[in-house]
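S.K.: Straight from Swiss-Prot, here's the annotation block:
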- CYS156-CYS192: disulfide bond (DISULFID)
- CYS170-CYS179: disulfide bond (DISULFID)
Amino acid sequence: MCFALSLSIYKHTGTPPNKCRLNSALKRNRATVRLDIGQRGSLCPPFSMSAVRPPVFIGLLLLILTTGYCKPRDRDETSLLELLMDRVRQTQEHHSEGNTQHPPQIIEHSLETKDVNKVTKSYQHERILEVFPRDLRQKDKFLKHLTGPLYFSPKCSKLFYKLYNNTRDCTIPAYYKRCARLLTRLAGSQRCTEG
């Protein structure tokens, strides 16, 4: 049916239709009509499949070739996940062996760590930031981050320096939150806001 329709379109227009591919013999001689060798027995040649066949066959061929190319893995080519899991197992075994060989040691803490423990007990619901600045600029940056920009009048500068340099709250890094709170209260006090 499709073939007869294409033949009638060819006779009226003089050009072969796009839907059905006709043989070159049809172009030369209008009386002889032949289908391609692979299209015998069908009324309408499968025109859409002819354009798709080569890429599909090449893709299938590549797929078959790549799946067949598998070599057994050596022990040297282990994945990163396997290496990490082995390392975790080794450390767990090492710790379990260490606990059975040596009894736990009693460690005495210094005065500073006891102070830090007191701070964590008093502020159980707040998260304590422990920052250990190596120089005063880092201490300044950290306190400015907590308090924001503060201004102290000349009358208040002596109290500020005493608080900033001599109190335990502003010299021990574990107490910097308290120091920030004290500095903001000092900046907002009547003595510092006057003049």
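Backbone N, Cα and C atoms are what each Cβ position is placed from, and that goes for glycine too.
Each of the listed features needs to be described in terms of its position in the shown structure.
M.R.: In sequence order, PHE152, SER153, LYS155, CYS156, LEU159, LEU186 make up the list of same-chain residues 6 or more apart from CYS192 (disulfide bond) whose Cβ falls under 8 Å from its Cβ.
Cβ neighbour count for CYS179 (disulfide bond) (all protein chains, 10 Å cutoff from its Cβ): 23.
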S.K.: If you run the three-state DSSP split on CYS192 (disulfide bond), which class comes out?
M.R.: helix
S.K.: Around CYS156 (disulfide bond), how many other C-beta atoms are within 10 angstroms of its C-beta?
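M.R.: Other Cβ atoms found within 10 Å: 19.
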